[in-house]
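Have a look at the structure below, then the notes.
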Protein chains: 6
Amino acid sequence: MNMRLTHLDDAGNARMVDVTGKQPTVREAVATGEVRCSEHVMSALREGTVPKGDVLAVARIAGIAAAKKTPELLPLAHTIGVHGAVVDLELAEDRVVITATVRTADRTGVEMEAMTAVSVAALAVVDMVKGVDRSAEITGVKVVAKSGGRSGDWRRPE
Amino acid sequence: MNMRLTHLDDAGNARMVDVTGKQPTVREAVATGEVRCSEHVMSALREGTVPKGDVLAVARIAGIAAAKKTPELLPLAHTIGVHGAVVDLELAEDRVVITATVRTADRTGVEMEAMTAVSVAALAVVDMVKGVDRSAEITGVKVVAKSGGRSGDWRRPE
Amino acid sequence: MNMRLTHLDDAGNARMVDVTGKQPTVREAVATGEVRCSEHVMSALREGTVPKGDVLAVARIAGIAAAKKTPELLPLAHTIGVHGAVVDLELAEDRVVITATVRTADRTGVEMEAMTAVSVAALAVVDMVKGVDRSAEITGVKVVAKSGGRSGDWRRPE
Amino acid sequence: MNMRLTHLDDAGNARMVDVTGKQPTVREAVATGEVRCSEHVMSALREGTVPKGDVLAVARIAGIAAAKKTPELLPLAHTIGVHGAVVDLELAEDRVVITATVRTADRTGVEMEAMTAVSVAALAVVDMVKGVDRSAEITGVKVVAKSGGRSGDWRRPE
Amino acid sequence: MNMRLTHLDDAGNARMVDVTGKQPTVREAVATGEVRCSEHVMSALREGTVPKGDVLAVARIAGIAAAKKTPELLPLAHTIGVHGAVVDLELAEDRVVITATVRTADRTGVEMEAMTAVSVAALAVVDMVKGVDRSAEITGVKVVAKSGGRSGDWRRPE
Amino acid sequence: MNMRLTHLDDAGNARMVDVTGKQPTVREAVATGEVRCSEHVMSALREGTVPKGDVLAVARIAGIAAAKKTPELLPLAHTIGVHGAVVDLELAEDRVVITATVRTADRTGVEMEAMTAVSVAALAVVDMVKGVDRSAEITGVKVVAKSGGRSGDWRRPE
């Protein structure tokens, strides 16, 4: 297994990897994550005893906007065209489940864009429920699938 | 328990809560989180068989910078003075443990700033190890303590 | 009437006016504006024959986020704490009517923040309906009331 | 007429439309708009009894910079290369007339970039004259022509 | 002489220094710098054989806007209110001389804001003349005076 | 010699030059610059009597991040893909020497991106040492080589 970190040079100095030699091709990445809330809050959200209104829309929009902000947030990430982004939120028993799908026709993969979208959508959920539930916790943020690019398709083993 | 979400009005529409009546006082929040990596990668990081160089510095700096970007990332968060920020990273057995402490002398708490710092530092770690370990996963991002402000001091129960 | 533009010095050079001598006090500004759409689109939006879903939430959130971006957009505007922001959208006969209320406890008025919130919420509406109505037009963006600060309260004459 | 809003999915949830299948081609959009000021201010601006200095330069530059900020301001807009931008301001009887032309060689049209340039240039004008004329109002912001892309050339009917 | 760098902790890790204990007071910093150009370009700029038009306005505005962006550019800089900014440009024999004065009524000094304003105004000049003079060089960017804050007034020795 | 400034139109108005007709090709630019510090500080940095820790990493990362921010800082610069960036810092006798290399596969040269990276890395160094050395000064920021694009390869004469 190659243990070389591509973001560092031989001396261990951070750098932005040169991708000028890579071809623009269609690439997609899917990431998921969860916000665990008290069942109290979740049941209120599901049953509408809380005016949930724009809650999910705010998180969706924050996630999509964040995908575009990835190169500002991650110092070594490339400026990349985000050419498609979907953020889904589902209200489960004791958690909000978030899935982000990001697509590009550019030179690098969009795994970090998808994980950033999930993370920021999750932070937006926490921001909105924190007044009633301080215990909210973000867990399980990970890439679950990617396609396109030199390394081809990949799906996280169950 | 008050189930009213402060970020929504009676009709469920998103709004930025009016805090003009709150006093600027010193407030602090501490958040933690983890990036789970393969033991393979972690032992390499710890033992230096991987040139780890700037890895932790990149994550630290990304986290501090992200604390300042919170109002850009969370649509309903207030523009707030970030007056102190520390991001610590520790290499444990099978994970990188991240702790962020944010301080302000402004009108609102900085819980979201601390959680944003942890989340983005974690994303930066994932970005750097993803070339050698696609399984990296962000977990347990949560506020563990806060002090100052009207609601006073709080510490997450063990 | 004083015709001197405060944003220019004696030689006509742009500058950011020094407000270090002003006191932080509570200030509010209200601005309005409209997006004129074809009646076709408006009736569809009102009657739900179009899946309107997040349309108004997207515009609301874009407007609130834009209020915070005012100093980035207007070169001579001061960095200011946005301490409260509400953006309302109403579906009238042939237009979407937008009202933004911005509040601060800082050193300058927030008229430009309110007008920026209205303008960007309007742009977001246009962005969403442009696929079905290219004629959409933004009109009547103006401050209608302000309070607080040295110049005191003001209401636009009918 | 197709009433389907492309920015929403079947459930009405906001999304960024996938344009990875579109080809990068040269596209142009022209938008116009106006800032209505008191004749008093306008005649002073025209006749130079007000030191107008950088006023138009500030608005021009704010408009050009804003075209590049469109994907930050409009949550569902794509990250796109802005490859040319001109913002013209003309001093008419009782208004400043603004025209923005934006060009790209990328995957989507630049109508929103042109309208954003006009809107922000207009806000910059209002910001500069508001000290002497609170009545300033932005009107008639609209796309007047576009060319390139799948839907081809279009000119707004008189 | 105290050789301790305040931006690092005992282990050498970067941090944002805690300034919550400092008082908001009026502070000012002045910085200068130069862009050396070929005499050819300078004489053309001075004598108007080049249409210099908005050149100085663009640099002035870029500098003022950059002062506000300092906390985004410098990872460890505090979010701070920029409450006044002036950028002057003077056409000398073989160089453009830039002076920036920044003022705040906040918790930290604005030396870095003034140096950032000078640097970015200088970069804007280089950007505009680079098509006719590749030799352009930025030199002598430094703080020349500061006032206010705990360390009081200071003026750079001649 | 052509004295026409490409960023201005015939009337001297600032504009973003239309590059839609240029081809995306691989381009590279190298810029250098220096931060002059007191020998005191430099010898402490070199000999480790100062805990230098993350100092160089902070500057490196600030420089790389700044290359991506060029179109936000320079009003007339194009939005461009930054596809590779390296920032090196070397501790010389009485100065820190900075070299930035930026690469792209896009429509315009990256000279300004390289100079921006050097300038901001230098500002970050100044920010970190200013507490112990107010005399720090940024000098000699210039492009030293470029390759690719229509104007081909160029190297600054010694």
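Including glycine, each Cβ sits where the backbone N, Cα and C put it.
Annotation comment: TrEMBL describes C:ASP127 as active site. Feature annotation from TrEMBL assigns substrate binding site to C:LEU76, C:ALA77, C:HIS78, C:MET112, C:GLU113. If you look up TrEMBL, you'll see C:16-149 marked as domain 'Molybdopterin cofactor biosynthesis C (MoaC)'.
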Pairwise Cα distance maximum in Å, substrate-binding residues per record: C:LEU76, C:ALA77, C:HIS78, C:MET112, C:GLU113: 13
Most crowded position, judged by CB atoms within 10 A, among C:GLU113, C:ASP127 as recorded positions: C:GLU113
Cβ-Cβ distance under 8 Å to C:LEU76 (substrate binding site), same chain, at least six residues away: C:HIS7, C:ALA14, C:ARG15, C:MET16, C:VAL17
Listed recorded positions (C:ALA77, C:MET112, C:GLU113, C:ASP127) that sit near chain F [CB under 8 A]: none
Packing count at C:HIS78 (substrate binding site) (other Cβ atoms within 10 Å of its Cβ): 22
Three-state composition of the domain 'Molybdopterin cofactor biosynthesis C (MoaC)' (C:16-149), taking helix and strand from DSSP: 47 helix, 40 strand, 47 coil
Short-range binding-site residues relative to chain D, from C:ALA77, C:MET112, C:GLU113, with Cβ separation under 8 Å: C:ALA77, C:MET112
Cβ-based proximity (under 8 Å) of the recorded positions C:MET112, C:GLU113, C:ASP127 to chain E, or none: none
Alpha-carbon distance [the residue listed as 'active site'; C:HIS78 (substrate binding site)] in Å: 28
Nearest-integer angstrom distance between the alpha carbons (Cα) of C:MET112 (substrate binding site) and C:ASP127 (active site): 22
Average pLDDT across the domain 'Molybdopterin cofactor biosynthesis C (MoaC)' (C:16-149), rounded to a whole number: 92
Same chain, 6+ residues apart, C-beta under 8 Å of the C-beta of C:ALA77 (substrate binding site), given in sequence order: C:MET16, C:THR70, C:PRO71, C:MET112
